[in-house]
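Participant: My questions all concern the structure below.
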């Protein structure tokens, strides 16, 4: 799943119902007068921002969406029923544009936000509407108005919850493949990941969060070195950054490619690149994830972890995992979900009431 998901849909609101020509037929009333009712309005097409959705994949298999037309008017002053509305659930962050002109029409930014993307047509008038002093028996009615029909492009700029940082070959792609449904390319050479990947991590049937994997960062990325610069901006809306480090690379014999290069210095260089690129991105919560635990002798793990954390001067949480064998991934996933849930609860809290507008209460 790529960062920007797209889909094209056709929406059609319902046409309005036709008006009715009818006259009263009552005993002893030769000229009962008109009683044809109006047609009902056509159904609207709404879009709602659903915080439980992370992709537009459903719209790739169901392109056309039509609301019901309004009911026709009837005699005895009966109006037609309004057509049934339809509501399309879309992820938060969806941008809706006119497919023909490319003009942005709407943007769903808030959970639960509802917008009308196509309005149903008004119902036609029945002949009772045309009664006047000079026309007591009108035989005129109007058809219903057509509903709006639009071809739309849906573009999702995904709001990932968690972003992965690290040097090329740190094991970011292996991690996202281990804990999510993403299947990025994994190989033993730098910059295997050439474009961002998203993975939806499902903790429970209706509990999930989104992880974003971007190409590895190297020193000078903020000036354009490597591949990561053009994708760093996609991490600016994340709630948490995971700095994934190859723990086995501390043994220079394991990775000849980085022989003679201090992994701690490399980790510090990535942190400095964040700071140069965007101070707000640098200030985000950042957890240290030491990967490739399976390649480190069991007797050396604790000392190696303590030495790395001490030299890096990392103050936040530290996790030790093996993305290949899944060791330690479970506790990390549950800790991430708890952090994401906490942030979501804070976002949903109502703003504090301005004391100037608070009620004074009983005297």
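Even glycines carry a Cβ here, placed using N, Cα and C.
Annotations for this protein, taken from Swiss-Prot, read as follows:
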BINDING   166-173, 191-195, 213-216, 291-294, 322-324  GTP binding site
BINDING   173, 193  Mg(2+) binding site
DOMAIN    1-159  domain 'Obg'
DOMAIN    160-341  domain 'OBG-type G'
REGION    343-363  region 'Disordered'
Participant: Could you state the CA-to-CA distance between residue 166 (GTP binding site) and residue 173 (Mg(2+) binding site) to the nearest Å?
Facilitator: 10
Participant: Among the binding-site residues listed here (172, 292), identify the one with the smallest other-Cβ count within 10 Å.
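Facilitator: Least crowded of the binding-site residues 172, 292, by Cβ count within 10 Å, is 292.
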Participant: Whole-number answer please: how many Å between the C-alpha atoms of residue 292 (GTP binding site) and residue 173 (Mg(2+) binding site)?
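Facilitator: Per the Cα atoms, residue 292 (GTP binding site) and residue 173 (Mg(2+) binding site) stand 12 Å apart.
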Participant: Helix, strand or coil at residue 173 (Mg(2+) binding site), per DSSP?
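Facilitator: Note: residue 173 (Mg(2+) binding site) is helical by DSSP.
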Participant: Whole-number Å only: compute the distance from the Cα of residue 322 (GTP binding site) to the Cα of residue 173 (Mg(2+) binding site).
Facilitator: 12
